[in-house]
Amino acid sequence: MAGYGDRDNSPPRRGRDNDNENDELPQPFDAKKLAPAKKRQRSTSPGGDTPRLQKRPGRRSRITDASREQARRAAEERERALEQEAPAVDPRRNIINDVVRAHYNAVPERGRDWRKTDSRIKGLRSFNNWVKSCIIQKFSPDEDHTPGALARGTHSDKKLLVLDIGCGKGGDLGKWQQAPQQVELYVGLDPADVSIDQARERYRSMANRGGHGGRGGRGGYGRRPQRLFDARFHTKDCFGETIGNIDIIRDVGFTQGQIAEHRGFDVVSMMFCMHYAFETEQKARQMLKNVAGALRKGGRFIGCIPNSDVIGSKVEKFNKQLKEKIEKKAKAEAEDKAKSTENPAKEEDGAKLDQEDGEVEEEGEVEGEETAQWSNDIYRVRFPGKTPEDGIFRPPFGWKYNFFLHEAVEEVPEYVVPWEAFRALAEDYNLELQYHKSFRDVWETEKDDRELGPLSERMGVRERHGGALLVSPEEMEAASFYVAFCFYRV
Ligand SMILES: C[S@@+](CC[C@H](N)C(=O)[O-])C[C@H]1O[C@@H](n2cnc3c(N)ncnc32)[C@H](O)[C@@H]1O
């Protein structure tokens, strides 16, 4: 059984003699000892004693109790209607899932050294990792977390329960070990079984090194990594089905629709993976049901997805150019026709010439076969079908494109996540938007932060002492394809 208590899924066990607070080996998570969710208080900065400026939705939340209940009922009704509309098993959906799973299973794990030195997109890798760290650093701590409590040895701080949906090969394990508030339990879910095995292995080797991550004791964050948390990994499609039947998720607390004051996870993270859910409304709703069901009230839903504003404006530009091209061609053809009516003999000669060259266009050939695409040296986006002329994706589901990223993603089908539609849908599941920024803007606003700025240097995003950016313009263009977000479960 792959669930809570499953030996194979559990961290290395501590011996009785080792059982002291300073030991950095993971403590097995015990759901029975879970404290109920605490009331929210003012938040503080992860790095110092100054209060965090970010205001989190609490009593100020735009979503009132009445509208929350109304949204829940509306969501339930819509889910029921969708269930009746859709066939019980959609074979097409499973084919897409298989393609995505097979792709991620096949991506080789080349190791940290290769990623940091030989990779042609090492600047982009570092930059993406830095943005993910920023989001984890900014939004993972509870509002009443006291920075430095652990360092001061008070240990009074509550520890975090983290759910990483689409965890892949466990690339964020080290980032969670460096979170400002210590993590007690990390649960990683992903449908790619090979990736899950690699994530488990990565965790094991962290534990075997005494919980020190891969950076020889001190993390890239400049401080000593915290004690390694307990971690569980499961192979799971989190968009096509409920995650409420996984033992560890149930043990932490999962609600099916109704709002309950359960313990739940403090953070659900979905890095670079939510766009696979926007294939259908049913999947997008199932994904949000899983996120909201797993989160406690006041919990945070963090992640990053492709930027629909960028996609929309590229698509609009492409369609405008295509329209101009078609109009220009139609005009030229009309002019030719007019000329040939004036002088029929000339046209016959011309047609003959074209036929000899094999260049005569078939009658009825449509120019509009061209579809939207753009690229640079390291990434490419290609829509296989027609796209909206104004770049606004309606209805908001099923807008498939193929994404290619040098060394990382080979033409995998992804789906546009139209931002406003997603934000509105999230409200149906009591998830209120707190933060939404393009990766470029995250850089602009955080690069001089007293913790995140130096972190960018240690992570290889820029040279030391505020030096040059180590991300090429092509890599920055590819990074700008993404936005980071944070929602609060209200
Ligand atoms: C680009 S990788 C990101 C991995 C990891 N979050 C990271 O940031 O390194 C996208 C991940 O989404 C996962 N994924 C795709 N469909 C999924 C689904 N239905 N449920 C959960 N994860 C899914 C893939 O298997 C893959 O591991």
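Heads up, residue numbers simply count up from 1 along the chain you see.
Placed from the backbone N, Cα and C atoms, the Cβ positions cover glycine too.
Just so you know, TrEMBL annotations are computer predictions that nobody has curated.
Annotation comment: TrEMBL describes 1-89 (among others) as region 'Disordered'.
Taken from TrEMBL, the feature compositional bias 'Basic and acidic residues' applies to 1-19 (among others).
The residues of the compositional bias 'Basic and acidic residues' (62-83), classed with DSSP into helix (H, G, I), strand (E, B) and coil, number 19 helix, 0 strand, 3 coil. As annotated by TrEMBL, compositional bias 'Basic and acidic residues' applies to 62-83 (among others).
What TrEMBL lists as domain 'MRNA cap 0 methyltransferase' is 119-490. Each residue in the domain 'MRNA cap 0 methyltransferase' (119-490) has a pLDDT score, and their mean in this model is 88.
Counting only residues at least six positions away in the same chain, the Cβ atoms of F272, F439, A479, Y482 sit under 8 Å from the Cβ of N128 (mRNA binding site). Taken from TrEMBL, the feature mRNA binding site covers N128, N129.
For K169 (site 'mRNA cap binding'), the same-chain residues that are 6 or more apart in sequence and have a Cβ closer than 8 Å to its Cβ are V107, E109, S195, Q198, A199, R202. Sequence annotations record features per position, and here TrEMBL assigns site 'mRNA cap binding' to K169 (among others).
The feature site 'mRNA cap binding' is assigned by TrEMBL to K175 (among others). If you take the C-beta of K175 (site 'mRNA cap binding') and look for same-chain residues 6 or more apart in sequence within under 8 angstroms, you find N129, K132, S133, I136.
The secondary structure of R202 (site 'mRNA cap binding'), as reduced to three states from DSSP, is helical. The site 'mRNA cap binding' feature in TrEMBL is assigned to R202 (among others).
If you look up TrEMBL, you'll see H275 (among others) marked as site 'mRNA cap binding'. Long-range C-beta contacts of H275 (site 'mRNA cap binding'), restricted to its own chain and to partners at least six residues apart, with a cutoff below 8 Å, comprise I305, P306, E414, Y415, V416, V417.
Residues or ranges marked as region 'Disordered' by TrEMBL: 329-370 (among others).
Summarising the annotation, TrEMBL assigns compositional bias 'Basic and acidic residues' to 329-355 (among others).
What TrEMBL records for 356-370 is compositional bias 'Acidic residues'.
Counting every protein chain shown, the number of other Cβ atoms lying within 10 Å of the Cβ of E414 (site 'mRNA cap binding') is 21. Taken residue by residue with DSSP, E414 (site 'mRNA cap binding') is part of a strand. What TrEMBL records for E414 (among others) is site 'mRNA cap binding'.
Residue density at Y482 (site 'mRNA cap binding'): 20 other Cβ atoms are found within 10 A of its Cβ, drawing on all protein chains shown. Under DSSP, Y482 (site 'mRNA cap binding') is assigned to a strand (E or B) in the three-state scheme. The site 'mRNA cap binding' feature in TrEMBL is assigned to Y482 (among others).
Within 10 Å of the Cβ of N129 (mRNA binding site) there are 20 other Cβ atoms, across all protein chains. The Cβ neighbour count for R202 (site 'mRNA cap binding'), using a 10 Å radius and every protein chain shown, is 22.
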